[in-house]
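Visitor: So that we are looking at the same thing, I have put the structure below in structure tokens.
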Amino acid sequence: MSLSGLISTTTFKEQPAIVRRSGNYKPPLWDAHFIQSLQVIYTEESYGKRINELKEDVRRILEKEAENPLVKLEQINDLSRLGISYHFEDQIKAILNLTYNNNNALWKKDNLYATALHFKLLRQYGFNPVSSEIFNAFKDEKKEFKESLSKDVKGMVCLYEASFYSFRGEPILDEARDFTTKHLKQYLMMTRQGQNVDHDDDNDLMVKLVEHALELPVHWRMKRLEARWFIDMYAEMSHHHHMNSTFLQLAKLDFNVVQSTYQEDLKHVVRWWKTTSLGERLPFARDRIVEIFLWSVGLKFEPQFRYCRKMLTKIGQLVTTMDDIFDVYGTLDELSLFQHALGRWDINTIDQLPDYMKIFFLATYNVVNEMAYDVLKQNGILIIKYLKKTWTDLCKCYMLEANWYHSGYTPSLEEYIKNGWISIAEPLILVNLYCLITNPIKEDDIDCLLQYPTFIRISGIIARLVDDLGTSSDELKRGDNPKSIQCYMKENGICDEKNGREHIRNLISETWKEMNEARVGESPFSQAFIETAIDFVRTAMMIYQKEQDGVGTNIDHYTKDGIISLFFTSIPI
């Protein structure tokens, strides 16, 4: 048969076009050339000597005895909010130990501010037990908080902040939160209406503090951004209340010098991201290397963790890209092939993958192996199998969500959360972080960590729910899986999304109580590492502030402001 005859008698099946979704993500805000052009001014070499002198001055201040323990507590609180308490952990613990073990509490008797500040600091620094029953002293014969307390705005703010360190089964702190929230809102309303007589600079500062607290409590805020805000507030206070000028000088210099290390590290990760070509080759995915670096600073802001931040940023951007592959771009068959290849962790298996997956797999493979090699050099332990497990666990959860989407299945809220606290990638990030900051690494400890203990599960749940509040509206518009809000609504026959969102907010608040318990509970892991799990949540609450998506569709709002203040704007000295 002639070739022309073969062509004329053969029916060719046209391959159906693959329909792929789009996340409609905005391009990156930050130009790589701008990042590389940043001028580093406040270097350790130039300002290290002055910082060390100021640190010695602060140590002397902390070690100087005070007649009233409240003075020392205020110093600790100021150092914490200024972002420099990490230099003085030993001195702070020594002071708090004295107040914790001292039964003579006349200095705080009938003083709401002193009582609340002491309680807050003890819980903040992990002392246990610290009974919330001390606040019964501020109730009346009806067992309700005395209305007269509302006149003590400073004490009310402190009680409000303290209430966010509550455990389960502490109704008095729930009552305290409701009571203070109500009266602080009334205080703001009356001040705006000119009904507060004392309208002066002090009152203006108090209004700012109250507004800031009601927007989000300090316990829920990203530490470094909170420090940046409070440094400006402290400078304003110093003109009226004779705040400690040494504290302020150190806070400003410390912030600027640490910011310089962030600038250098940001240049590094931006160069790395450019060399991967993933931003160009996978244009459907979020190109958010600067925003992810902000997240790494939220987890470990101290200057000694530079390598940790750089590696976490690389890992975080890869996780974000993989999330978009599964959520937006990949077909079910492609995703299944990718899951198999990742499970094998063998570059010889990637020939069967589509091109966009090949380059992504190799980029991930190289970063994970680079990290494992560095840890092997430093610690003498091979961690590939541990890192691989975190990636395969995450991929398994992504795959389940993809199957839900393609089958049109809506899980129950419990089923959704059971998968979602892992798919938020918090377990992967924390296991990697543990390997980056721990020396020596003990196999028993990392085996335990890979069982994802309670503090990892709880922080993952909160982060997932916070993420859902910020992203569900945009994701549903493009046809994504139902989020926790919609799962709850369908399960309970609720039509009004406001009710669904309110339930998730309440669930977040209740789960925070479990997180507070985990901070002081028995664990083979250090309190500092457990605190990092909480910092993951704090950073999530900043990224998705006011229930907006600061990594996906709303990058030019709160996240942008945070990046500018932390990385690009130094504090005038």
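Cβ coordinates are placed from backbone N, Cα and C, and glycine is handled just like the others.
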Visitor: Write down the one residue from R286, R344, R501 that Swiss-Prot lists together with D323, D327, R464, D467 as binding (2E)-geranyl diphosphate.
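Guide: So the (2E)-geranyl diphosphate site in Swiss-Prot includes D323, D327, R464, D467 plus, from the candidates R286, R344, R501, R286.
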Visitor: Would you please pick out, from the binding-site residues D323, D467, the one with the fewest other Cβ atoms within 10 Å of its Cβ?
Guide: D323
Visitor: Tell me the Cβ neighbour count for E475 (Mg(2+) 3 binding site), meaning other Cβ atoms within 10 Å of its Cβ, over all protein chains shown.
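Guide: Counting Cβ neighbours of E475 (Mg(2+) 3 binding site) within 10 Å gives 20.
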Visitor: Of the residues in the motif 'DDXXD motif' (323-327), how many are helix, strand and coil by DSSP?
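Guide: In the motif 'DDXXD motif' (323-327), the DSSP-based counts are 5 helix, 0 strand, 0 coil.
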Visitor: Going by DSSP, is T471 (Mg(2+) 3 binding site) part of a helix, a strand, or coil?
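Guide: It is helical.
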Visitor: Using an 8 Å cut-off from the Cβ centroid of D467, T471, E475, can you name the remaining same-chain residues around the Mg(2+) 3 site, in sequence order?
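Guide: Same chain, not in D467, T471, E475, Cβ within 8 Å: D468, G470, S472, D474, D480, K483, Y544, D549, G552.
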Visitor: What whole-number Å value do you get for the CA-CA distance of R286 ((2E)-geranyl diphosphate binding site) and E475 (Mg(2+) 3 binding site)?
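Guide: With the alpha carbons as reference points, the distance is 14 Å.
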